[in-house]
């Protein structure tokens, strides 16, 4: 079997996308386009509303960063996904382009995992140490946490991407996916051992397991702090501030765990593409809905922006 040298930057991969659904590609293209335009509009609106707000509570600041991450997801994945629906035989992507797409996708996902930890810490301080909340969750700490989330995701992603693209690839360059996802590219590697999966396992531990344990620890502490509260109204009010974060965490970690925490032998292109479709299209669409409907701070920021726009509109006299 012929191999492709891992250092051959002139190699091109072929993203098959949804080539098996030729009769539905126009419908899928329109659905993809509409979903991502709505997602783009929702996240841009939240980002602009938060930027225009002079005083930003920590949770609003973190949700703004989450919106930026979702906007970057769209720019990284969607153009090639839409192109694979237009071109019948699939769209090509260079070796460097595929590596860059994988690196950015994993880096954004890792930054989101770490950001969810920062948001859970914010909820822990707000509920367990309410008198010290303003002092602890200062603007400086929020900025440092945001930077650490991005740098952590970037570093882990860089190590994983380098490890994957150092592998020898088989002559077949057909990636049965709509973007360069890690399992789909690993499936092309001409190796029979489980050694190539070790970098992915290490990345899963750093980006999924450890952040999830930290989030779980935060909520265990929150639950312990709420146990002595006898008022059901007080307990309900405290828990309601966590619902949007919990919903986003379950969506993110549920899809990511299903996609990446499993051996290469269980790889199924059709199933993986459907899960990735949910992960890259449906969940980013739900995020603005979840934290705009469930988070009163974001609702307040959006209402202020809408009021400013209404006041700024000139009044026409007939």
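Note that Cβ sites are derived from N, Cα and C of the backbone, with glycine treated the same way.
For 42-291, the entry in TrEMBL reads domain 'G-protein coupled receptors family 1 profile'.
TrEMBL lists 26-52 (among others) with the feature transmembrane segment.
What TrEMBL records for 59-82 (among others) is transmembrane segment.
Counting only same-chain residues 6+ beyond the ends of the transmembrane segment (102-121), those with a CB under 8 A from a CB of the stretch are 59, 62-63, 65-66, 69, 72-73, 76-77, 142, 145-146, 148-150, 152-154, 156-158, 160-161, 164-165, 179-182, 185, 203, 206-208, 211, 214-215, 218-219, 245, 248-249, 252-253, 256. Among the features that TrEMBL reports, transmembrane segment is placed at 102-121 (among others).
Annotated transmembrane segment per TrEMBL: 141-165 (among others), in sequence order. Same-chain residues lying 6 or more positions outside the transmembrane segment (141-165) and placing a CB less than 8 Å from one of its CB atoms are 6, 58, 61-62, 65, 95, 98-99, 102-104, 106-115, 117-118, 121, 182, 185-186, 189, 196, 199-200, 202-203, 206-207.
According to TrEMBL, the transmembrane segment annotation covers 200-227 (among others).
Here TrEMBL flags 239-262 (among others) as transmembrane segment.
Sequence-distant contacts of the transmembrane segment (274-293) (same chain, at least 6 residues past either end, Cβ-Cβ under 8 Å): 32, 35-36, 38-39, 42-43, 45-46, 63, 66-67, 70, 73-74, 77-78, 81, 177-179, 181, 244, 247-248, 251-252, 255-256, 258-259, 299, 302. Residues annotated as transmembrane segment in TrEMBL: 274-293 (among others).
Residues 15, 17, 29, 32-33, 36, 39-40, 43-44, 46-47, 50-51, 53, 91, 93, 101, 104-105, 108, 111-112, 115, 118-119, 122-123, 126, 142, 145-146, 149, 178-179, 248, 280, 284, 287-288, 291, 295, 297-298, 301 of the same chain, all 6+ positions outside the transmembrane segment (59-82), place their C-beta atoms under 8 angstroms from a C-beta of that stretch. Sequence-distant contacts of the transmembrane segment (239-262) (same chain, at least 6 residues past either end, Cβ-Cβ under 8 Å): 66, 109, 112-113, 116, 119-120, 123, 126-127, 181-183, 200, 203-204, 207-208, 212, 215, 219, 222, 226, 272, 275-276, 278-279, 283, 286-287, 290-291, 293-295.
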